[in-house]
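Take a look at the structure set out below.
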Amino acid sequence: MNKVFPFVVIVATVLILVFDTTDAKGEKKCSNSEECVKFCSEYSDVHPACIGDHCECIRWEGGISI
């Protein structure tokens, strides 16, 4: 068990990083939120935002947003 656990953690970390990198390839690069409006227009009830260096389409799931 002590020798297998570090291997499992390393493999899981590598898989997460590979998936995250693959998923990010489809994202639109941006420098401000206005560049993301067209990218997010295919979704309904979302707020376009430039987070980091790529567009995110944030969905409000109820509640009060200030």
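Placed from the backbone N, Cα and C atoms, the Cβ positions cover glycine too.
Positions annotated as disulfide bond by Swiss-Prot: Cys30-Cys50, Cys36-Cys55, Cys40-Cys57. What Swiss-Prot records for 1-24 is signal peptide.
Features as recorded by Swiss-Prot, highlighted on the structure.
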residue	record	CB count, 10 Å
Cys30	disulfide bond	19
Cys36	disulfide bond	23
Cys40	disulfide bond	19
Cys50	disulfide bond	18
Cys55	disulfide bond	20
Cys57	disulfide bond	16
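When the alpha carbons of Cys36 (disulfide bond) and Cys50 (disulfide bond) are compared, the span between them is 7 angstrom. Cys40 (disulfide bond) is 11 Å away from Cys50 (disulfide bond) when you measure Cα to Cα. The closest partner of Cys30 (disulfide bond) among the disulfide-bonded residues, by CA position, is Cys55; the full candidate set was Cys40, Cys55, Cys57. With respect to their backbone Cα atoms, Cys40 (disulfide bond) and Cys55 (disulfide bond) stand 8 Å from each other.
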